[in-house]
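What follows is a short report on a single structure.
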Amino acid sequence: MKLKETLNLGKTAFPMRAGLPNKEPIWQKEWDQAKLYQRRQELNEGKPHFILHDGPPYANGNIHVGHAMNKISKDIIVRSKSMAGYYAPYIPGWDTHGLPIEQVLAKQGVKRKELDLVEYLNMCRDYALSQVEKQKEDFKRLGVSGDWENPYVTLTPDYEAAQIRVFGEMAKKGYIYRGAKPVYWSWSSESALAEAEIEYHDLVSTSLYYANRVKDGKGVLDTDTYIVVWTTTPFTITASRGLTVGADIDYVVVQPAGESRKFVVASELLNSLSEKFGWADVQVLATYRGQELNHIVTVHPWDTAVDELVILGDHVTTDSGTGIVHTAPGFGEDDYNVGVANDLEVFVTVNERGIMMENAGPDFAGQFYDKVAPTVIEKLGDLLLAQEEISHSYPFDWRTKKPIIWRAVPQWFASVSKFRQEILDEIEKVKFHSEWGKVRLYNMIRDRGDWVISRQRAWGVPLPIFYAEDGTPIMTAETIEHVAQLFEEHGSIVWWKREAKDLLPEGFTHPGSPNGEFTKETDIMDVWFDSGSSWNGVVVNRPELTYPADLYLEGSDQYRGWFNSSLITSVANHGVAPYKQILSQGFALDGKGEKMSKSLGNTIAPSDVEKQFGAEILRLWVTSVDSSNDVRISMDILSQVSETYRKIRNTLRFLIANTSDFNPVEDAVAYEELRSVDKYMTIRFNQLVETIRKAYADFEFLTIYKAIVNFVTVDLSAFYLDFAKDIVYIEAAKSLERRQMQTVFYDVLVKITKLLTPILPHTAEEIWSYLEHEEEEFVQLSELPEAQTFPNQEEILDTWSAFMDFRSQAQKALEEARNEKVIGKSLEAHLTVYPNEVIKTLLEAVNSDVAQLLIVSQLTIAEGPAPEGALVFEDVAFVVEHAQGQVCDRCRRIDTTVQERSYQALVCDHCAEILEENFAQAVSEGFEAN
């Protein structure tokens, strides 16, 4: 037998190298076969519910890193809730209707207008479902646990029927109406857009300053006076029907030198405008408040048959322009509101493709709206005072990336104004994990207009509205429920397969249809109404879920999207918010903090991360960042996270290896019988348990990451395990001192594995497979540990906190000696301490082998003053000398008792005692040379 074989060198097959890219799919397959998700739900039946409702990603293309961050975050929360005693089923979902899928088919060469509509919609459906399957595999590869066999998909018949019933309840309450209000209109999509489908970019536009001649000054202005207007949308002048001034703004009538005309501008802007127009020696003839100009009549700049009325509006400012704006009720929300209030004509001169129509006049008809500025300038003639190109923030279609316009078209609206206060009151009851999120959603609801819910597209859920022969819309409770039942049985495709009369209840009549003829609406619903109905289609309709949901967790862009639409529909139907809590996340940026873009080549695909590092590293990264704000990710950042993972893994591997001969039932030592240092580590670990339990409950992932990394690297690796080798390797295998330490090792190993499970389920299960004494087959079927408290806990913590300070001072002294070449490793040291009374009391309280704790071979606690040249740190003096004696071949300490024993072993007395008591045969036969 060799001497080194008498050491308890921990042995384990648990590999140092994780091999995550290859192992993770194997684990995932095993979990599927074992039906782990279903077994976890069965374990928690009857326990308090926690429902995280999944916001549906759009089914188009592979997932990106933002998807991964969101789904992993949800998975961590659901897993932690399940292990904390909650019934927390997770139903993943997908949003499957809308323009992007139509655009993909168009790029693939599908010509919608050449196909039968039903055939086209089936192609859309097939494509959407193929994308659902693609993304499902992507999400499962991340280790996300959920009811993947029964997800919700917005195109399924049951979901579409639930959506129709949400609409029906809103219609019953009078919240659905038809109007010709201006809406965001995308000429590139040929459809109206919701606010959530708008994004802003800088756009260079031609701005014009021009004048309208006064026709009837109402005794205030003369007819040789011109009111000066500013616009950044020249095409809208074709539909201008009024001029709007601010009631409380001061306006001046001026006459520049050499001009026969008089002009009206805002007093505050006169100087800047005079410079812009080249006016000199401007004479101010009169000053009027805006309200005094109300109802003055002017003439359209070129269509002299059209009068433009001066009206008052709160939206007019003196921040730019002239303090006067022209008003085209067909091309703007503010224009529409003040125009309708003053009986102005709602006139629209642009068609659905952005082309000027015949009613714009022969000079404009057929031109693209954005190209008419030269024609407008020509038509204005000497009424044009100035023109310039300006760059300003402008709304774009978020899908096509093309600018949009405001355009009044007949649309279906969901009222927000009728129950706005009810929505705002519900926001106050929701718990927001960021106060700014609450303010943002509150302000959006407070300031938003009614919701245009109709879309002039094909792929979506039809609006369940019929029309009588006289054009009267029909949407009664009876007709809507009948449509819902048809959708439930056949899917919404039935709307396009059948005639209107075959979609109505049998025998249905209406006074507006004396001949019994009906037509049906051909518009579909805004896709935000689709996903915004998920609280009904999923949370209400699935028996395992409870409404309202406990948590909605999505990106911060969803304050204007899913959070918003879900809130409106839920309050409209039931008077309550669909969620009790909202947690939002920022965006994933590249390593430099730049937005990720395929064109910039700075995107990171989750699949690439999985191939290089494994999904565990992506999961750990999610906890390493504050995702409530924008976060950074790059392969370099992931390499750093991978290194942290390696440290955690190797530390836990050490614990596995050094508890391989430990049976917790037979070998565990009661807390009361532990050494002081072991009690300290037990208490510190339970503080960690408490911190992590609270952080899981509060969704504070970064707190968990920092706490675990700190405990593993500082408390374990840099302290407890650093000196542990001198005990677990060297002491007799069944000695009390070794079993004391193994008791702590095993407790930490089992519980920290459970704590890590929601974040690193693959690694946790791999560790668990080595813990043969644990009852649960899978760690995912266990519970999170509860934090314990212990007698004299604070006193023990105070003692060891003080010792850690002392240890730090001692390490400085050893480092100094190492630099001076007095010693090499710390085990070569004889450390003499000249303590003050506080330290002397402390070392007595520690009641441990201090030399062992400091990893030195010899320690002397000296009396009296320290010699000259001693190293002093914070009133404690140290002298470091090389230890006396020889190196023990077994424990590697330098000791004066080391000698060659009769059994061919150069060992110290302590090791000799262990050998003679535990290895009698080897002692009698003599040890082999190493």
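Positions of Cβ are set from backbone N, Cα and C atoms, glycine also.
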(Q) motif ''KMSKS' region' per Swiss-Prot: which of the ranges 350-354, 470-474, 595-599, 805-809 is that? (A) 595-599
Q. Can you check which of 57-67, 266-276, 310-320, 684-694 Swiss-Prot lists as motif ''HIGH' region'?
A. 57-67
(Q) With Cβ-Cβ distance below 8 Å and at least 6 positions apart along the chain, what are the contacts of CYS911 (Zn(2+) binding site)? List them in sequence order. (A) ILE730, CYS888, ARG890, CYS891, ALA905
Q: Report, as numbers and ranges, every residue of the chain located at least six residues beyond the motif ''HIGH' region' (57-67) whose Cβ falls under 8 Å of a Cβ in that stretch; write 'none' if there are none.
A: 94-96, 98, 100-101, 104, 128-129, 131-132, 134-135, 138-139, 153, 555, 587-588, 596, 603-607, 609, 618, 633
Q. What kind of secondary structure is CYS891 (Zn(2+) binding site) part of, going by DSSP in three states?
A. coil
Q: Using C-alpha atoms only, work out the spacing between CYS908 (Zn(2+) binding site) and GLU554 (L-isoleucyl-5'-AMP binding site) and round it to an integer in Å.
A: 64
Q: May I ask which residues of the same chain, at least 6 positions away in sequence, place their Cβ under 8 angstroms from the Cβ of LYS598 (ATP binding site)?
A: none
**Q.** Neighbour count (Cβ, 10 Å) for CYS891 (Zn(2+) binding site)
**A.** 22
